[in-house]
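Since the structure comes first, as structure tokens, the remarks are kept for the end.
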């Protein structure tokens, strides 16, 4: 937890009420975002994202697997987050484990539409190779390096950037397999298919402090929140997932307004993030 005096708490709350936050931003103004791709050479794709003093890394590893019986025409994606004990004092011991689990579940809901995969922001059907027999399994790992609030949004941006950086090896399937036989496959070491991220959403968290809500909250601002709603929105403006934190309830009309605000904010965020990813990829190609 962030230790604040009573005066500091009033200062933060009063600034938000007057639409002038402690760092000079308005309620719906995010901090600048910086992206670096290809930071982990052993992965199929990776990225580092910095938002203020918050820094996270995401990596993607692709492995051949077998589709589930419920979804024979889709691949599988798992998301796991680890919080470095050096990122913040609260991450030491059980605190880091609990937050890692909470972030992993929230990302699953926002990017994959929960366990069912319905409304998934990541197209799982694109990972199928042979229906019911072979698919790609994507293992997405997130690491919180340093924390100053808004971890979920930062991790969502890092995952989108890492997927943009991901190359899936081309697979050639040998003809002749029938029935329950597992077909033979040849995985190319030279040809890679770029992962399509056109429908991968960004996550916008609206943090309620007092009577107002803000985007891209710092750790100090988060310490004053009553609740927070995280909404994942893709470029088409579709809602891909939603998750809530905090004990305070929210009126349905407030949630609907939050969704509308998230859609507006997400449009600017996607444009900014895409330009940052393109610049990072261009810089990586020049190396």
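Every residue gets a Cβ built from N, Cα and C, even glycine.
Look at TrEMBL and you will find 31-169 (among others) tagged as domain 'Exoribonuclease phosphorolytic'. Per DSSP, the domain 'Exoribonuclease phosphorolytic' (31-169) is made up of 40 helix, 51 strand, 48 coil.
Summarising the annotation, TrEMBL assigns domain 'Exoribonuclease phosphorolytic' to 200-264 (among others). With helix defined as DSSP H, G or I and strand as E or B, the domain 'Exoribonuclease phosphorolytic' (200-264) counts 17 helix, 26 strand, 22 coil.
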